[in-house]
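Per TrEMBL, these features apply:
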DOMAIN    B:134-314  domain 'ABC transmembrane type-1'
DOMAIN    B:496-675  domain 'ABC transmembrane type-1'
TRANSMEM  B:20-36  transmembrane segment
TRANSMEM  B:74-92  transmembrane segment
TRANSMEM  B:138-159  transmembrane segment
TRANSMEM  B:182-207  transmembrane segment
TRANSMEM  B:260-277  transmembrane segment
TRANSMEM  B:328-345  transmembrane segment
TRANSMEM  B:410-431  transmembrane segment
TRANSMEM  B:438-456  transmembrane segment
TRANSMEM  B:476-493  transmembrane segment
TRANSMEM  B:543-571  transmembrane segment
TRANSMEM  B:610-636  transmembrane segment
TRANSMEM  B:656-675  transmembrane segment
Amino acid sequence: MSDAATPAISCRHLWQVFGPNAKAELVSALAAHGRDGNAAAAELRAKGLIPAVQDVSFDVRPGELFVIMGLSGSGKSTLVRCLSRLLDVTAGDVRIQGEDIATASKARLIELRRKKLGMVFQHFGLFPHMSVLDNVAYPLRVQGIGRAQRQAKAREVIELVGLGGRESAFPRNLSGGQRQRVGIARSLVGDCEVWFLDEPFSALDPLIRRQLQDEFLQIRAKLNTTIVFITHDIAEALKLADRIAIMRDGKVIQIGTPSQIVLNPVDDYVREFARDVAKGRHARVDSVMKPAHGTLAEGPSLREGMTLDAALAACVAAQAPVAVRDGAGAVVGQIDPADLVSALHVEET
Amino acid sequence: MSALSEAPPAARPQLGPGTWAALVTLLAGALCLIFAPRLPWLTAWPADWVLLDTKSLSAWLEAALRFIRPAARLVSALLAYPMGWANALFLATPWPLFIGIVTAIGWLIGGAAMASLGFLGLVFVLISGYWAEGMSTLALVAVSVPVALLAGLAIGLLANEVPRVKGAVQVLLDVMQTVPTFAYLTPLVLLFGFGPVVGLIASAIYAAPPMARNVILGFERVETEIKEAAIMSGATRFQQLFQVEIPAAGRQIMVGFNQCLMAALSMVIIAAVIGGFNDIGWEVLLTMRKALFGQSLLAGLVIVAFAVVIDRMSGALAFERARHDRRVALAILGVALLATLLVWWRHPDPEAFRLLTPLAEAVDKGLGAFTASQGATLDALKNNAMFYGLLPLRIGLDDSVLPFTWGFQWTAWMSGAWFAVAALAGLALALSGRVTAGIALTIGLGIIETGIAQLPWPFVLIGAGALGHVAGGRRLALLSVVLLLAILVSGLWDRALLSLYLCTASVVACVLVGGALGLASAVSPTVWRVVRPVCDMLQTIPLFVFLIPVLMFFQIGEFSAFLAICAYAVVPMIRYTRHGLVETPPEMVEAATAAGATTWQMLRDVRAPWAAPTILLGLNQTILYAFSMLVIAALIGTTDLGQSIFLALGQADIGLGVSAGAAMAILAFIADRLVQGFARGQREALGL
């Protein structure tokens, strides 16, 4: 593990262009437009090429759960394939724990994937000819680890995802939810440090999806991995994310915490996403908190990290600003109930 | 299209590309018709214009082959060893043991059903008295199939690993599929000399493409995410390939294995034509030539028994998943060993069990009696079909209508009247709004007057070009014209037209009969229950065997060839027609039912349009089947390219063999691309 200051993943000016001669076309388009990404992308489109990812830059901190959200066709699946180098990037820089992925050799990539990276797929990507146990143990098998050892480790992970007892079943005998548990177990068996999940729950029905989201959060709490999670579902993004990047037409148009996204949508596109969200359940008091000044009235006090709904319920009778305290009970700020109400109703204006 | 129909009736309808193509073809036909009497070169390509005749091609090719012949002879000498071993092994294995092994394998693959199929099939071979011949054939297959499998797998892997060559490989496989079977043999005979090794190599070459095709298809069908999951697991390319992609493509590869086996068996039997080496194909050919149809039928049935056992067992390998108790297989083997000790010890010669010879003789006698008593009826049937169906299509009404058969002589005046009627009928259709159909009708009636074998070549070239343009754009049009020109300048035009005629006649018959049977099967499950096993059987039987029954009743001649081609080529038409009609999406059927459509309205308005692309694919298969049978039919008397290919084989005339084979392949290739183009257009129109 590298030190905490190095981002777990860092990408700069990342481009993925599909079409003939993409690399040369991109270079010339960028040169012609003085590195203006939008203009260059427009020119590429006019020539019949497809800029699926345009000039994307962001950092993911170690241990962070970073969600990339966008509608289908927004380039999010392409982006995650650039990060894991299932696709060769057309231009730009991708670093994982400071190491340049885009130029890594074949051997080094195999090494990285065996030791550091794990990936879960939307349609599970299970090997149809292998049992659950063999599927999960496969990443260890390719490393040449002996049968007994790899199966013992695989059994542990299968237990972790709640599939104990189904080891000898084949993918075709499993339900969608169970299949994705196998997918998750397989990606975890190598003790990855960076975990990519490409719309892992999108192919499941809503009830199973919610159940797996909860289990996912539990698993995540046990691990210390950096996670890149792709979804098209805003509720899922808000529920899981530490930070969210919103993508449209190959560009990242906003990066922020769930509260920032919900309360300060950067444009109409994001606002459209946020509109259907019950804001009170996702935004936290931190987002409307102001620094504490003067003495605060006795009475109810709020806690850092509370959702707005909970805060409103707690101070519904209060007239004056209410204190916000941290876990230890120290005052970290204050909230005016009026701000709370207006934050919740910002949409109606 | 909808915008067109909404336009006010006063607006002049615009002509679609199909209509333009039909108009151009019609014009070309009319011009040819007018000038043909004055310009004889319009109908007969002058000999002086032949740029590359078959003799000079022979000289060229033989000169080229001389360089590789020593290497080829070495290969053939080397291959003779495994062939000898396989032959010795198959012949030396005691017959009860062999039956036991096959039965045990059948049990492992598919339980009791497969075990009894294997047992009954081989017992039939035993009592037919053709055990030794059958084993020789199997030995050839046993050597050629591994070669074909390895080659097919290697080609498939190459195409998968090197995307740059994939397109080229697929074109090559397409071409190999259209090259007629006999055409392979002539160059091989020159290279490797006569003998069983040629049959072996030909069968390996013929059987490799289906394997390669299925391997490529299998790799393509492995889900992207499965491949990505292997990559992200940190597998090396080698591990990805052998631990994930090949097993995941396993079922498709097994389908390839099945097709490879069947192709090899089929070719091994066909290769018997180039020389007797005591195998079952040779036995069929020999008895056929001696007109011993009972024996010939028996030998043919032995081939069918092999084909059915091999096909069903290898097919079950691809689709069956259930596991069967190994102990039962061991028990079967034990019984077989016991039987070997008890029976084989005393009767080592399988000839002792020849029980069916009296039956064959009875069939011969019965057949003789039947043809003697019903000869007049059979002849009448044959002559009527020839005089009123096949001949007019071949040489046109103007030459085939004679006082001797039709009772009157066709005159120039009648031709004029015929063309006038054709033009008027076409005009009537065109005025009712179906311009393209009208023009096509006029062209069709014109062709019947002229005869396919006497069509002027500019008309054929322009017609093919126009069709190509509609079906696949400028490239296909150009390709069709250039390829047809190649046939012209090689001096094989007249024979190519004869092939075209025989193929057209059979395909038309197949479309009528097969379409009707397909329709009936789609409407009535009872009919399908009867038709389906017949189709299965017809598709399993090697081409060769189709010749026996038609010869039994109609002797050698064009009509027998026509019947054999139809019997073989009708199956895809039935299958695809039914499949297309039955597989209409249920919600469309429900919507039509809700709208109050009757069964026939549903069939006409909903199912038929939906089925059109599928039926076109069936037509495509039927055409390709007809072309491949055309060459085999040369054995029983035709005069077309197929006959040239067959003659070339007998005379080791490589120039004739290669150019006639190429011409045949060109015809099949163009027909294939045209129909596929139309099918694609139909699918796109339906938004599929």
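Counting starts with 1 at the first residue shown.
Glycine residues also receive a Cβ, built from the backbone N, Cα and C atoms like all the rest.
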Does the transmembrane segment (B:543-571) reach the transmembrane segment (B:20-36), going by 3 or more CB pairs under 8 Å (6 or more apart in sequence)?
no
Beyond a gap of at least 6 residues from its ends, the CB atoms lying under 8 Å from the transmembrane segment (B:328-345) belong to 94-97, 99-101, 103-105, 107-108, 115
Short question: most Cβ pairs under 8 Å with the transmembrane segment (B:74-92), which of B:20-36, B:182-207, B:438-456, B:476-493, B:656-675?
B:182-207
Interface-richest range of B:20-36, B:182-207, B:260-277, B:610-636, B:656-675 toward the transmembrane segment (B:438-456), CB pairs under 8 Å
B:20-36
Taking the transmembrane segment (B:182-207) as the first stretch and the transmembrane segment (B:476-493) as the second, find out whether 3 or more Cβ pairs fall under 8 Å, excluding pairs closer than 6 in sequence.
no
